[in-house]
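Below is one structure, written out as structure tokens; the observations come after it.
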Amino acid sequence: MTAATLTIDLDAIAANWRALDALTSCETAAVVKADGYGCGAGKVARRLAREGARRFFVAVAEEGAALREALGPGPEINVFSGHMPGDTDMIHDLSLTPMINSLDQMLRHLEALPGHPFGIQLDSGMNRLGMEPAEWIALRDIATQQNMTLVMSHLACADEPDHPMNAQQLRIFKEMTDGLDVPRSLAATGGILLGPDYHFDITRPGVGLYGGAPFTDAQPAAHVSVPVIQVRDVEAGETVGYGNTWTAPSPARIATIAAGYADGIIRAMGPKTSVWVGDTPCPIVGRISMDLIGVDVSDLDSDPRAVELLGHHNSVDTLADAAGTIGYEILTSLGSRYRRRYHST
Ligand SMILES: *Cc1c(COP(=O)(O)O)cnc(C)c1O
């Protein structure tokens, strides 16, 4: 067995969902776009449905269709990209709920699937998806007479609690939705942590479920263990890897492990990252190759058979910081070469 192992801890994801749910007194949905942030949308959603989640969010209708196959009838599946050309059959046949983003989408939806439930996504300032205030004013009366199940918007700076954008978007969202007789949703993971003003009727956590910032109390959900292929001694002055970027300052023992940037181990993290054997850090040395990485195992008493790259010592945010990115990108980059295991009691 040479492929690295990616273990997804469904118990941890369930515990993170419960912990986020406990921070509010409203309904907690779950965002499982991008194959559940790389963790497996179907398995994650089935586990969370068992835990009590009744509503899931995905990015596009195709993801919603696959999720419906995994979940079966019952839970509500909301699609952020709304009702796009070509989506009608999927939305209808698999009972998906599009989050309508524009006048065009509204007309398409009401014409193709009259009576079929939909939500409305409003732009409260992020300028990414959703109706602008003027567009919404023109449509509001029509929408409220139809089968509208949710109005939502998304915060641009919720991971920065002191950012003035949060209060500004909250005010605009309220102006656009006060007086409506339909559930409202504004908060993702960051918004939940901003406090009750931001919770409304339904929250939509994603990254916090999978162990990422800004939910710092999260349990790690993804664990990566990488087998050691070969171990060798190098003399002081010898180099390791492409470009000779690392030179042994003194005699060292170097293990070559079976993962690389093709597995989402971003090259840029190399100089700042250690892998772990038990509680001993083993620094990455030299450049990260496509399928191989050199690590300095000189501090160990014996040669390891495998090392931990992601898990209790390295969180997704440890690796993200080392690579100059965010935990979301680490999770969704993990790739398809891993041997996947699911841990669940
Ligand atoms: C991705 C996303 C979420 C989840 O955000 P997290 O920061 O991962 O909790 C919620 N709502 C929308 C509109 C999103 O795009």
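Every residue gets a Cβ built from N, Cα and C, even glycine.
Listed in sequence order, the residues of the same chain lying 6 or more apart from LYS33 (N6-(pyridoxal phosphate)lysine) and placing their CB within less than 8 Å of its CB are ALA41, PHE57, VAL58, ALA59, VAL60, GLU63, PHE80, GLY206. A helical conformation is recorded for LYS33 (N6-(pyridoxal phosphate)lysine) in the three-state DSSP classification. Taken from TrEMBL, the feature N6-(pyridoxal phosphate)lysine applies to LYS33.
According to TrEMBL, the active site, proton acceptor annotation covers LYS33 (among others).
Less than 8 angstroms from the CB of MET290 (substrate binding site) sit GLY260, TYR261, ALA262, each of them six or more residues away in the same chain. In this structure, MET290 (substrate binding site) belongs to neither helix nor strand by DSSP; it is coil. What TrEMBL records for ARG128, MET290 is substrate binding site.
If you look up TrEMBL, you'll see 221-343 marked as domain 'Alanine racemase C-terminal'.
TYR242 (active site, proton acceptor): 12 other CB atoms within 10 A of its CB, across all protein chains. TYR242 (active site, proton acceptor) falls within a helix when secondary structure is assigned with DSSP. What TrEMBL lists as active site, proton acceptor is TYR242 (among others).
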- [ ] Please report the number of other Cβ atoms within 10 Å of the Cβ of ARG128 (substrate binding site).
- [x] 11
- [ ] Work out the three-state DSSP category of ARG128 (substrate binding site).
- [x] coil
- [ ] Fill in the CA-CA distance, TYR242 (active site, proton acceptor) to ARG128 (substrate binding site), as an integer in Å.
- [x] 41
